[in-house]
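What follows is one structure encoded as structure tokens, with my remarks underneath.
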Amino acid sequence: MAAIRKKLVIVGDGACGKTCLLIVFSKDQFPEVYVPTVFENYVADIEVDGKQVELALWDTAGQEDYDRLRPLSYPDTDVILMCFSIDSPDSLENIPEKWTPEVKHFCPNVPIILVGNKKDLRNDEHTRRELAKMKQEPVKPEEGRDMANRIGAFGYMECSAKTKDGVREVFEMATRAALQARRGKKKSGCLVL
């Protein structure tokens, strides 16, 4: 039986952990050096609820320089992973400010999973000290859940690509969301206008 194919696009601020999350899930290795993404694709097979799914993983660049290029990733998307970093409250702030409007414009009706990356840094002393200097603290789980409700996300997950904690669960939830997505008579995927 042929696998069902679904397209997943990951978005979020630059350096919030998008590429690491995809690489750990698809290749099971954590990249130690940071290289800003322009456009990368990976494919991974996943089984959920007895269904074999081939996930096409589309990585995107979060940097503003790529705001005009990123929409090329959106057509025919089945599910969006919208990421922020738990060690960066500013990246959470950009979820409603930047990422939700962009995604809802290009991908109306496509389910969104809100993902808090770098969960391992929430209790990291160095991270807490650095944030305290700016009168900030790591994002709390309830702040992530509240944001997911606010933007109408399908769900909220937290993970650490570094420790692999929660990584598989993120993609299981995303796959379920992609499989459940209601398709109207017309294909209701993303549009580029």
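Backbone N, Cα and C define each Cβ position, glycine as well.
Since we're looking at a predicted model, the values are computed, not measured.
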Among K98, K119, K135, residue with annotation ubiquitin cross-link (source: Swiss-Prot): K135
Where Swiss-Prot places motif 'Effector region' among the ranges 16-24, 34-42, 151-159: 34-42
Annotated (Microbial infection) N6-stearoyl lysine residue, as Swiss-Prot has it, among K164, K187: K187
Of the residues S26, S160, S188, the one that Swiss-Prot lists under phosphoserine: S188
In Swiss-Prot, the member of K162, K186 to which (Microbial infection) N6-stearoyl lysine is assigned: K186
Candidate set K133, K185, residue annotated (Microbial infection) N6-stearoyl lysine in Swiss-Prot: K185
Helix, strand and coil totals (DSSP H, G, I; E, B; other) for the region 'Switch II region' (61-78): 7 helix, 0 strand, 11 coil
Q63 (5-glutamyl serotonin) and Y34 ((Microbial infection) O-linked (GlcNAc) tyrosine), Cα-Cα, nearest whole angstrom: 13
Spatial separation of T37 ((Microbial infection) O-linked (Glc) threonine) from Q63 (5-glutamyl serotonin) - C-alpha basis, Å: 9
Candidates T37, N41, Q63: member of the recorded positions with the richest Cβ shell (10 Å): T37
Confidence summary (mean pLDDT) of the region 'Switch II region' (61-78): 93
